[in-house]
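*Asks:* Annotated signal peptide per TrEMBL: 1-22, in sequence order. Under the heading domain 'Inhibitor I9', TrEMBL lists 67-138. Look at TrEMBL and you will find 169-412 tagged as domain 'Peptidase S8/S53'. Feature annotation from TrEMBL assigns active site, charge relay system to ASP176, HIS216, SER376. Annotated domain 'Proprotein convertase subtilisin/kexin type 9 C-terminal' per TrEMBL: 441-521, 537-583, 585-658, in sequence order. Among the features that TrEMBL reports, region 'Disordered' is placed at 546-568.
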Amino acid sequence: MRGVVTVCCLSFLLGLVAVVESDEDYTEDEEMILSLILQDDTQPEAESRPSAQFYRCTKDAWRMPGQYIVVMRNGTHVNQVDRTARRLRAKAAKRGYLIEILQTYSGAFHGFLVKMSSDVLHMAVKLPHVEYIEEDSSIFAQSIPWNLQRILQNKHEPGKYSPPNDGAKVGVYLLDTSVQETHREIEDRVMVTDFNSVPEEDGVRVHRQASQCDSHGTHIAGVVSGRDSGVARGASVNSVRVLNCQGKGTVSGALAGLEYIQSSLMSQPIRPVILLLPFVGGFSRTLNAACRTMVESGAVLIAAAGNYNDDACLYSPASEPEVITVGAVNFADQPLSTGKTGTNVGRCVDVFAPGDDIISASSDCSTCFTTKSGTSQAAAHVAGVAAVLLNLSPNSSSAELLQQLLYHSVKQVINPESLPQDHRLTTPNIVVALPDPTSTLTGEDLLCRSVWSERSGASGFATAVARCRQGEEMLSCSSFSHNGARAGERLEVSDGQKECVAVNGNGGQGVFAVARCCTGHKAQCQMIESPERGADAECPPNHQLTGCSSSSSSGDVSDSDRPLHGSRRACPAKRGVTSYASCCHTSSLECHLKEHDPTGLSEQVEVSCEDSWTLTGCQALSRGSVTHGAFALGNNCVVRTSGGNKGAAAIATCCRHRPSDQPRDH
């Protein structure tokens with residue numbers, strides 16, 4: 001092949017000779033080039049000189065072979081730089097090599113940048129006036145990328161990415177495209193499994209270059225555990241290929257991937273383990289059920305919400321309640337939107353994370369980086385933060401881990417106006433963050449979150465149902481209606497699982513059920529229903545009241561009276577109303593009420609639990625206005641009203657585990 005190249009180049013150069021010979025005014029440089037071309041290889045050069053030094057980067061992964069900086073000796077005239085470059089081109093061409101001068105330098109030093117084969121180096125170092133030659137190499141910005149800075153939330157050492165740990169105890173299975181495991185970011189951190197279940201690429205002219213086939217998976221793996229771009233830089237990643245070179249897969253292929261992982265975990269158990277699912281498909285009962293089974297076996301599943309500017313509940317695995325579903329935000333902590341695409345939202349999203357212009361490994365070369373955007377990148381951030389948290393508390397269940405993620409996250413930073421009207425209430429206003437280095441939070445702490453149902457139908461007494469995850473306890477149930485027409489809510493048990501059931505009222509446009517789901521309660525909890533309408537629902541002795549609910553048989557707005565937290569712990573009921581009490585028994589649990597009753601009319605009333613106390617229940621107490629309902633927003637109890645002139649009060653039930661040094665109240 002080289003011989004062919006040599007013949008071609010010599011043919012070109014002989015043509016050049018012919019052209020030059022026909023021009024009587026050719027330059028001195030051209031004379032030099034011609035003399036070199038026509039020079040007999042058997043004759044030594046007129047001047048014998050020592051070779052210049054050659055240097056290259058001490059970091060092998062950062063080297064750029066084939067690209068060289070030629071540095072001239074001090075005092076060399078700028079014209080000599082160009083002449084030397086021409087001389088090198090002629091020498092290389094004579095031996096069948098083509099080179100390309102990419103840049104010349106005449107400021108801080110004199111020289112040029114050349115792209116050429118390493119086989120030409122021995123000629124380059126013997127050129128006159130050359131001081132030394134240095135192989136080009138990569139350099140990297142040392143500031144923290146915005147996405148890593150964002151999840152630090154200024155809780156750590158300024159200007160340095162310093163998570164509490166590197167997640168080294170955690171294994172991650174990545175279901176994605178193939179991965180370029182030799183990339184410097186993830187080398188020795190990613191193990192490519194032998195699993196491969198992908199469909200044929202669409203079209204007849206698909207180029208299956210490795211750089212294309214590895215693109216998405218390599219980038220995601222870098223976000224999880226990359227040396228410079230990763231969140232949990234010690235976590236090990238196992239690549240399971242379920243997407244083809246176009247980033248497309250099948251539900252059946254994803255199911256086979258989950259089955260492969262389950263089999264692998266049975267033969268070689270890994271604990272804790274995270275399954276990262278950076279893809280979405282249409283709603284699939286089968287895929288959701290398979291994900292649920294993996295969670296039951298002890299794995300944590302984290303999935304992308306999807307990039308369709310749509311309701312995440314319409315897609316799988318994002319719609320599965322046992323999966324931690326992640327939406328994407330941009331640099332300003334606002335929902336990611338890029339033209340016609342953007343993050344999915346809604347009640348099936350659990351948390352948001354950075355997903356816009358994320359820097360990570362590129363499959364174009366082993367040292368290349370690129371930026372990508374989407375909920376896949378956001379899910380990878382949450383997988384990294386989850387690895388850090390599981391490294392601190394390896395026995396945490398998936399439900400406990402989600403509560404920890406929400407506890408450490410940043411609240412109320414997303415502008416609600418940026419969300420679709422139908423999803424503003426149900427979409428969590430939460431962006432993931434790493435834990436504070438001084439945090440002592442564990443899976444045993446009392447933590448709660450709100451779970452919204454979909455909106456019920458508009459017919460009379462239509463219902464909506466909210467449920468907690470496996471491992472969570474429902475400590476209260478409330479309801480909300482946009483126009484205030486609701487008949488309250490009730491607690492039920494179906495197939496051994498508690499349900500929060502909201503009832504649409506007369507003239508209602510649909511109602512939401514809002515369950516307060518908690519972990520770390522360390523208690524035996526039960527639901528107590530009033531023995532008859534208008535009677536109190538009272539907790540048994542030695543039980544704490546964590547929340548009250550009520551429903552009306554008439555279809556009118558139903559709000560109970562103020563809960564009793566004295567010697568009797570009970571939920572009072574008005575005439576024609578049934579009350580429900582959530583009661584928990586444990587020696588360490590203590591609860592109290594906190595109320596905010598503003599003077600005059602206020603369309604929204606809030607009350608918050610104190611630090612170290614957790615909001616377990618939230619209810620409204622009308623003073624004459626229509627209450628649209630009550631719901632928990634973080635550790636705040638929110639009540640919305642309309643009409644009348646007296647407004648309403650917000651009543652929060654706040655609970656905690658009694659500190660060990662504090663005596664028990666009698």
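The first residue you see is number 1, and the count goes up from there.
Cβ atoms are placed via backbone N, Cα and C, with glycine included.
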*Asks:* Could you state the CA-to-CA distance between HIS216 (active site, charge relay system) and ASP176 (active site, charge relay system) to the nearest Å?
*Replies:* 7
*Asks:* List, by number or range, the same-chain residues at least 6 past the region 'Disordered' (546-568) whose CB is under 8 A from its CB atoms?
*Replies:* 460-461, 475-478, 484-491, 500, 503, 505-506, 516, 525, 533, 536-538, 574, 576-584, 591-593, 595, 616-622, 626-627, 651, 653, 655
*Asks:* Which range wins on Cβ pairs under 8 Å with the domain 'Peptidase S8/S53' (169-412): 441-521, 537-583, 585-658?
*Replies:* 441-521
*Asks:* For ASP176 (active site, charge relay system), which residues in the same chain are close in space, meaning a Cβ under 8 Å from its Cβ, but six or more apart along the sequence?
*Replies:* HIS216, GLY217, ILE220, ALA221, SER239, VAL240, ARG241, VAL242, LEU243, LEU276, PRO278, PHE279
*Asks:* Report, as a single number, how many Cβ atoms besides its own are within 10 Å of the Cβ of HIS216 (active site, charge relay system).
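*Replies:* Total other Cβ atoms inside 10 Å, all chains included: 24.
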*Asks:* Near SER376 (active site, charge relay system), which residues of its chain come within a Cβ-Cβ distance under 8 Å, counting only those 6 or more away in sequence?
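*Replies:* Same-chain residues close to SER376 (active site, charge relay system) (Cβ under 8 Å, separated by 6 or more) are HIS216, ILE220, PRO278, PHE279, ALA304, GLY355.
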*Asks:* From the DSSP assignment alone, can you count helix, strand and coil residues within the domain 'Inhibitor I9' (67-138)?
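*Replies:* Grouping H, G, I as helix and E, B as strand yields 24 helix, 27 strand, 21 coil.
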*Asks:* Take the region 'Disordered' (546-568) and count its residues per DSSP category (helix H/G/I, strand E/B, coil), listing them in that order.
*Replies:* 0 helix, 9 strand, 14 coil
